[in-house]
Amino acid sequence: MLHTPESAAQPVRSIAEGDLVVVYEGYDNMKAVRVAANGNYNNKYGTFPHKDWLGRPYGSKAVAKKGGGWVLLLAPTPELWTAVLRHRTQILYVADISMVVARLELRPGAVVLESGTGSGSLTHSLARAVAPTGHVWTFEFHEQRAQMAAKEFEENGLGGLVTVTQRDIEEGGFPEEMHGRADGVFLDLPKPYKVVPSAARCIRADGMFCAFSPCIEQVHRTCEALNANGFRDIRTMEILVRQHEVSRQMLITDLDAPPAGPTKKQQRQAQSAAARAAKRQKIAGGEAAAAAAAEGPEAAPAGGSPEGTAGAGDSQQQEQGEQQGEQQRAAAQQAQQEQQAQQPVQQPQRQVVHKPVPFGRGHTGYLTFARRVAA
Ligand SMILES: C[S@@+](CC[C@H](N)C(=O)[O-])C[C@H]1O[C@@H](n2cnc3c(N)ncnc32)[C@H](O)[C@@H]1O
């Protein structure tokens, strides 16, 4: 989870038994897996025996036993941990976390106070930011959550950087021994404004405060408390992320040109559809004529000659006229097609395009930052 002097000297790390691996199936589908020599990872692409992963560098592509499906084997980081951890509470996500770490101005050696610990999502990033010589003191009033968080920090190699204490911070404030020692305080509590006086006593002059609140009413009360307790440069922000997908697509760029005519395949399909329709009409016409002949002249269809007065000569003339009309229409259509064929038409071109894709959350909450000024 953390870079140590040893890992910096040997940046390509190999996967060993007992290691935590983040198995990546897609940016929105990752899982935390503890490697066991006889373990298997199963998904819809197949079975991936853990023993095939041993000794391979993190960042490798693992292929399923059958079928050719693959996953990526990633080294755990605080960011990936946030994507795979078990939610015991609402958590902070990477967009808010990155702003918190940046605006609390955290650096190696810094001391941070946090409450509540919740699922420990933010705590992992706080710990990495202050490593190797800083410390995160995190306070949670829910006994089981505090215990589970402490266990996970230990398992993820953060035990020396994080201390979890069970305590009601809204009622009791931070412990007195923290007064004047904190470079930063972070609150994710229902009533952060109640803790502002205690935070003011703990943060050294020029240190930073941040509270995360889902509702704007909490923000108003927190800002009032900050103003009354020696904080300045008070700023509230909402962090929204828009992810874009970049891909190659066929696009028409010359919109002034007439649309391209049907393709040869489309023309063939239209011709055979027309032929089928004509055949159906002919059969239907033949059946109607046969029925009319069987029932006598009274049964002639509408539009025919009811008294049988139209002679053979008349019908021949009519047929000839229809044929001529048909030929003229066909000739005009062909001339139009030839004319169109000579004009430039819209030609799709391969282009690189991008579009926003739904990813991450919309509103999660407001971050309120403030700087402690010297009295
Ligand atoms: C939303 S969760 C914090 C999530 C955390 N920021 C994360 O990223 O995983 C809020 C936590 O505050 C704890 N909490 C609520 N009131 C508290 C209080 N008065 N003192 C200490 N912890 C409290 C809750 O038990 C809960 O675990």
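Positions of Cβ are set from backbone N, Cα and C atoms, glycine also.
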(Q) Quick check on the annotation: TrEMBL has S119, G120, S121, L122, E140, D188 binding S-adenosyl-L-methionine, so which of D168, D206 does it put in that site too? (A) D168
Q: Could you measure the widest C-alpha to C-alpha distance across S119, G120, S121, L122, E140, D168, D188, the residues recorded as binding S-adenosyl-L-methionine, and give it to a whole number of angstrom?
A: 20
Q. Fewest neighbouring Cβ atoms within 10 Å: which of the binding-site residues S119, S121?
A. S119
Q) According to DSSP, which of helix, strand or coil covers L122 (S-adenosyl-L-methionine binding site)? A) helix
